[in-house]
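This is the structure, below, for whatever I ask next.
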Amino acid sequence: MDISTTVPTVTNSSSLHISQFILMGLPGIHEWQHWLSLPLALLYLLALAANLLIFITIQHEPTLHEPMYHFLGVLSLIDIGLATTIMPKIMAIFWFDAKAISLPECFAQMYVIHCFFCMESGIFLCMAVDRYIAICHPLRYPSIVTNAFMVKVTGFMVLRNSLLTIPVPVLAAQRLYCSKNEIDHCLCSNLGVISLACDDITVNKFYQLFLAWVLVGSDMALVFSSYVLILHTVLRLNSAEAMSKALSTCSSHLILILFFYSGIIVVSVTHLVKEKIPLIPVLLNVLHNIIPPALNPMVYALRMGELRLGFQRLLWWLKNCPLSNLSFISHYRY
């Protein structure tokens, strides 16, 4: 039986008339999209290995038990979660033609993608605020950025994004899907799914706009405001050495933040030409979910000397320490 056939099922509170969606992959290149699986798989493996290495290094190395590295460790976990949410299904589509996805799985993937994506934006904001306090108010930094402060802001970001992204799949599940069930995408994007609905999707589009421009947009505005204030403070320093050191500590953050938020803007703009070139926004959407998790660890490793030294110490420790002692990881606390 053709998997794209609409399958009747018992209607629930969402009045769904189909039991699965079909993720068609990259629009316009279905016949040879499997050739993209190798670079995407390599990016995924790089993201997993590099972020796991960063997380373990931060846990193992006492010199990295600082707020900046705490947020970097959280960012590594988020990147692992985001990449793992989408890449196994994309590989299944490219390699095994496993395009079918049940409605509950699709809505779950939709929620996790939005949740991790907004969390990444929130952690970038935390890192920007941390750098702002460290550079603009250095004497007050130890009294403000305490362990309790880090726990509170991290918990707030997790709670904020976990709760505010719940309406995305809930609203999508309440739509009436009665005919077409083929999605021209590699993942369950909110706009891709609700475009198949037979009833009004105004509320869905409004809430998507709220998340994009109010939640993530406010994060972006605060992040760049923080760096404007940082730059203003740095330029007033009399010492060239102090200025160079201050800029060095922020450069890696700023590179990734610019890439992350500029990617959001590019993906948003390309949706305007989706009807003419449907491949571009879909491909950019996939790449924006996999390139940052692979890029973040490399930028931090290249720009942060303390992190590179931590890598070296961890590799030396792994080389010289018996395997029985590796159980420290499960017992470690920040």
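Cβ from N, Cα, C; glycine included.
Just lifted these from TrEMBL, have a look:
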- 35-58: transmembrane segment (TRANSMEM)
- 50-300: domain 'G-protein coupled receptors family 1 profile' (DOMAIN)
- 70-96: transmembrane segment (TRANSMEM)
- 108-129: transmembrane segment (TRANSMEM)
- 210-234: transmembrane segment (TRANSMEM)
- 254-273: transmembrane segment (TRANSMEM)
- 279-302: transmembrane segment (TRANSMEM)
Same chain, outside the transmembrane segment (279-302) by at least 6, Cβ under 8 Å from its Cβ: which residues?
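That would be 26-29, 40, 43-44, 46-47, 50-51, 53-54, 72, 75-76, 79-80, 82-83, 86-87, 90, 113, 117, 120, 184-187, 189, 252, 255-256, 259-260, 263-264, 266-267, 270-271, 273, 308, 311.
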For the transmembrane segment (35-58), I need the partner stretch with the highest count of C-beta pairs below 8 angstroms, choosing only from 70-96, 210-234, 254-273.
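The stretch with the most close Cβ contacts to the transmembrane segment (35-58) is 70-96.
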If I count Cβ-Cβ pairs under 8 A between the transmembrane segment (70-96) and each of 108-129, 210-234, 254-273, which range comes out on top?
108-129
Counting only residues 6+ away from its ends, which parts of the chain sit with a Cβ under 8 Å from the transmembrane segment (254-273)?
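Non-local partners: 120-121, 124, 128, 191, 212, 216, 220, 223, 227, 280-281, 284-285, 288, 291-292, 295-296, 299-300, 303.
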